[in-house]
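Peer 1: Please find one structure pasted underneath; my questions will follow.
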Ligand SMILES: N[C@@H](CCC[C@H](N)C(=O)O)C(=O)O
């Protein structure tokens with residue numbers, strides 16, 4: 001049966017998404033429908049699709065992820081190839097803008113909007129740059145997978161980082177190396193991660209730290225998409241990796257430049273002696289439309 005879909009198109013630093021409201025959870029799209037929507041020639045075109053669904057409408061497995069602490073809204077996120085992803089750092093800011101602009105939630109300055117994701121609940125609030133997201137904790141692997149990409153010449157060691165979804169970060173020596181990459185080809189990771197990974201190529205700033213803030217340039221090949229103009233979870237993974245390599249004197253405030261703009265990343269202590277990451281950046285809704293899906 002044909003499905004008429006009302007959607008909004010939005011982006012966070014050029015990482016673009018198709019968003020639609022399905023509060024009661026009655027409109028689950030198939031991977032083939034998601035691929036058509038995201039196709040830049042035959043569909044609307046986007047890096048991912050976000051279904052806005054109320055947590056209470058989820059099946060028991062997904063609902064368990066967002067019960068404690070409770071989140072009224074869940075970000076049901078799909079990559080352009082139709083695969084699911086646990087988290088999206090740019091998408092969640094655009095999702096917050098979509099929920100508030102559509103009148104589905106009210107978000108006063110300083111108030112916190114908890115949003116359910118497959119990686120757990122993430123707190124979002126308005127910030128000077130647009131929105132700020134508490135991205136939670138992370139995990140750094142002790143392996144060093146080798147990464148090769150077209151234009152790189154020789155494989156480089158990467159750092160595996162999980163920030164709710166999987167990343168491998170690779171340091172390059174300068175901007176010329178970063179620009180020489182051809183990310184229209186899938187980077188090869190050896191050993192290959194079981195569930196795939198987003199791959200970030202980074203060039204630490206020179207100087208690395210200016211006025212107490214660390215600087216990094218990054219390009220990314222997103223799992224399930226290809227090269228994108230930005231990846232929010234990738235920027236926090238990049239800042240973490242560079243801080244890890246730089247050692248004890250590295251700062252906790254970072255600016256990460258991606259082809260689609262700049263975002264801010266901060267590492268901050270939590271009450272239980274851990275550390276969380278925060279991501280701040282813009283979120284834009286560009287247009288609304290309607291499409292009929294076969
Ligand atoms: N663009 C996103 C990440 C989207 C999911 C990713 N491709 C994955 O499969 O993990 C971001 O802004 O974080």
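Even glycines carry a Cβ here, placed using N, Cα and C.
Checked TrEMBL, it gives:
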type	residues	note
ACT_SITE	88	active site, proton donor
ACT_SITE	88	active site
ACT_SITE	231	active site, proton acceptor
BINDING	15, 79, 89, 90, 165, 198, 222, 223, 232, 233	substrate binding site
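What's the neighbourhood like for these features in this structure?
Peer 2: Secondary structure at residue 88 (active site, proton donor), taken from DSSP and collapsed to helix, strand or coil, is coil.
Taking all protein chains in view, 30 other C-beta atoms sit within 10 angstroms of the C-beta of residue 88 (active site, proton donor).
In the three-state DSSP scheme, residue 231 (active site, proton acceptor) is classed as coil.
Sequence-distant contacts of residue 89 (substrate binding site), defined by Cβ-Cβ distance under 8 angstroms and a gap of at least six in the same chain, are 12, 133, 135, 163, 231, 232, 233, 234, 235, 236, 279.
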Peer 1: What's the CA to CA span in angstrom from residue 15 (substrate binding site) over to residue 88 (active site, proton donor)?
Peer 2: 10
Peer 1: By a 10 A CB contact count over all chains shown, which of the binding-site residues listed here is most packed: 15, 165?
Peer 2: 15
Peer 1: Given residue 88 (active site, proton donor) and residue 165 (substrate binding site), what distance in Å do their CA atoms have, once rounded to a whole number?
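Peer 2: Taking the Cα atoms only, residue 88 (active site, proton donor) lies 8 Å from residue 165 (substrate binding site).
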Peer 1: Using all protein chains in view, find how many other C-beta atoms are within 10 Å of the C-beta of residue 232 (substrate binding site).
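Peer 2: For residue 232 (substrate binding site), the count of other Cβ atoms within 10 Å is 28.
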Peer 1: Tell me which of the recorded positions 222, 231 sits in the most Cβ-dense spot, judged by other Cβ atoms within 10 Å.
Peer 2: 231
Peer 1: I want the residues beyond 15, 79, 89, 90, 165, 198, 222, 223, 232, 233 whose C-beta is within 8 angstroms of the mean position of the substrate site's C-beta atoms, in chain order.
Peer 2: 48, 85, 87, 88, 91, 220, 225, 228, 231, 234
